[in-house]
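Before any comments, here is the structure.
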Amino acid sequence: MDFQHRPGGKTGSGGVASASESNRDRRERLRQLALETIDINKDPYFMKNHLGSYECKLCLTLHNNEGSYLAHTQGKKHQTNLARRAAKEAKEAPAQPAPEKVKVEVKKFVKIGRPGYKVTKQRDPETGQQSLLFQIDYPEIAESIMPRHRFMSAYEQRIEPPDRRWQYLLMAAEPYETIAFKVPSREIDKAEGKFWTHWNRETKQFFLQFHFKMEKPPAPPNLPPGPPTVKRPPIKPV
């Protein structure tokens, strides 16, 4: 039979392969690939029966050789059954206890009262910019503790009725109680030299200074132009 002059065939070839031949070639390629990448001895569903053939315990199918079984494992039926089995085992598995979180030991200190402090109001003689200088004394501060500070809006605190005209500066250092200063709710100048802190380990004193930004003067109101003035002619001498 002449295979060279079939439609779609090339000279010197065996003609166009049929659908069954293409399927056979595809299964052979899958079998060779599976043999190279899969260790069949570790498959829990692979079993060799007393007749010398191979069975898939998951899909209940018979196979003549290992390659046929491996090609079956790459098919849609086996993959679907694997997904169903995994979902069933996950549903029936008992709930595993959550892993224990690493507990961080929180240092507890006995509060010894409020620290001493001094607040100084200042004004730059050149620019007129206002500033506040805080000096907090911590003579009994705990070892390896650094004083901390932060600004709090009036809506974060629960001690006084919130007032948007004010904000609070908090100072904390163990074992002293946290203290707060009520300052105007104006924008803080964070430019270099306008906001700084210093902790003196020898005298156990904490310093903090910040400047308020200069407030812009209000723009003059736009008034409507007045009526034009009437100029009188100069009076000539008689």
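Note: Cβ is positioned from N, Cα and C throughout, glycine not excepted.
On a predicted model such as this, the values are computed, not experimentally measured, just so you know.
The following features are taken from TrEMBL:
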REGION    1-27  region 'Disordered'
DOMAIN    54-84  domain 'Matrin-type'
REGION    215-238  region 'Disordered'
COMPBIAS  217-238  compositional bias 'Pro residues'
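Residue counts for the domain 'Matrin-type' (54-84) under DSSP (helix as H, G, I; strand as E, B; rest coil) come to 17 helix, 6 strand, 8 coil. Remote same-chain partners of the domain 'Matrin-type' (54-84), defined as residues 6 or more beyond its termini with a Cβ less than 8 Å from a stretch Cβ, comprise 27-28, 30-32, 34-35, 38, 40, 43-48.
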